[in-house]
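Trainee: Handing you this structure, nothing more for now.
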Amino acid sequence: MAVRSLLLPLALLALAASSAAVAQLEIGFYTKTCPDAEKIVRDEMAKIIAAAPSLAGPLLRLHFHDCFVRGCDASVLLESTDGNVAEKDAKPNKSLRGFGSVERVKAKLEAACPGIVSCADVLTLMSRDAVVLAKGPFWPVVLGRRDGRVSSATEASKDLPPASGDVPLLAKIFASKGLDLKDLVVLSGAHTLGTAHCSSFADRLYNNTGENALVDQSLDSKYADKLRLKCKSVNDRTMLSEMDPGSFKTFDTSYYRHVAKRRGLFRSDAALLFDNTTRDYVQRIATGKFDGEFFKDFSASMIKMGDIGVLTGAEGEIRKKCYAPN
């Protein structure tokens, strides 16, 4: 009982500290110190996505993978060193892309306002603008995050939601970040953008001996046949498949229609049909009658996610280069 009585005050203190940090974030944080910050990000993002529309999904994913490990502190951008394996080199992050685009935007900001805008804020703004440029919703982004100095591959492997996870496991991970079951099903809608390597879903198509067999009965058999045409074996590490076939460069609700038809790419997508709350949401949005509702929900969940574990005030630093501490 003594241990439990100690844990509760500690948890409350952690929650209070987190709330205090979030309270220091604000709209227009850089109004006086770098008034064109958001415009610089927006303009550079427009050029990036115009040249490579398929980068919208990866840039959104970078923000997700950052926030779920040590909070939204840009730790996912740090390079490994001789004495430390960083988050970006953890197995779940091996397929992350878009690092060069982040450095490109950061360089523009450094040229205009040296040492002012954090990489954590850059990544948060870029993810929002990626969605907007992919024809998705706009939401206001509070700013004032600072950059972390620590990045751990071990923490990334432990904290990131796995593509093979079921709803109870995913819900537990999301709850540890202050996100609920609705956030889980709403943020899963980000899979409307981007592609995935075969290795992240091949175990649904082939058995342990590599034979062609529908291992996962929650996957539509005709869709599985189409996936095998691209994904030749469980060991395929090169081929990519669209997470939202026919619409992977556009932010829309077609992802939910695929999931409702048992054509979600990952086990975590399929799992949404095995929980009452998440299934009801999938089926509602899949009708195509509630796109505006989903856009509003996604905006709200992204705002919540952007508040996870933020560093503010004198915490952390403002990196000059996003890939290395100062």
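Quick reminder: no glycine exception, Cβ is built from N, Cα and C everywhere.
A TrEMBL annotation is a machine prediction, not a hand-curated record.
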Trainee: Quick one: TrEMBL says Cys119 makes a disulfide with which of Cys231, Cys322?
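Mentor: So the cysteine that TrEMBL bonds to Cys119 would be Cys322.
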Trainee: In TrEMBL, Cys67 is paired in a disulfide bond with which of Cys34, Cys72?
Mentor: Cys72
Trainee: Report, in whole Å, the straight Cα-to-Cα distance of Cys198 (disulfide bond) from Glu87 (Ca(2+) 1 binding site).
Mentor: 22
Trainee: What residues, ordered by sequence, lie under 8 A Cβ-to-Cβ from Asp252 (Ca(2+) 2 binding site) and sit at least six positions away in the same chain?
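Mentor: When sequence neighbours closer than 6 are ignored, Asp252 (Ca(2+) 2 binding site) has Lys135, Gly136, Thr192, Asp244, Asp291 within Cβ distance under 8 Å.
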Trainee: What's the CA-CA gap between Cys198 (disulfide bond) and Gly71 (Ca(2+) 1 binding site) in angstrom, rounded?
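Mentor: So the alpha carbons of Cys198 (disulfide bond) and Gly71 (Ca(2+) 1 binding site) sit roughly 28 Å from each other.
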Trainee: Same chain, not part of Thr192, Asp244, Asp252: whose C-beta falls within 8 angstroms of the C-beta centre of the Ca(2+) 2 site? Give them in sequence order.
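Mentor: Result: Gly189, His191, Leu193, Ser247, Phe248, Thr250, Phe251, Thr253, Ser254, Tyr255.
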Trainee: With an 8 Å cut-off on Cβ distance to the Asp66, Val69, Gly71, Asp73, Ser75, Glu87 Cβ center, who else from the chain surrounds the Ca(2+) 1 site?
Mentor: His65, Cys67, Phe68, Arg70, Cys72, Ala74, Val76, Gly148, Ser151, Gly309
Trainee: Cα-Cα separation of Cys113 (disulfide bond) and Cys119 (disulfide bond), in Å?
Mentor: 13
Trainee: Relative to the Cβ position of Cys72 (disulfide bond), how many further Cβ atoms are located within 10 Å?
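Mentor: Within a 10 Å radius of the Cβ of Cys72 (disulfide bond) lie 28 other Cβ atoms.
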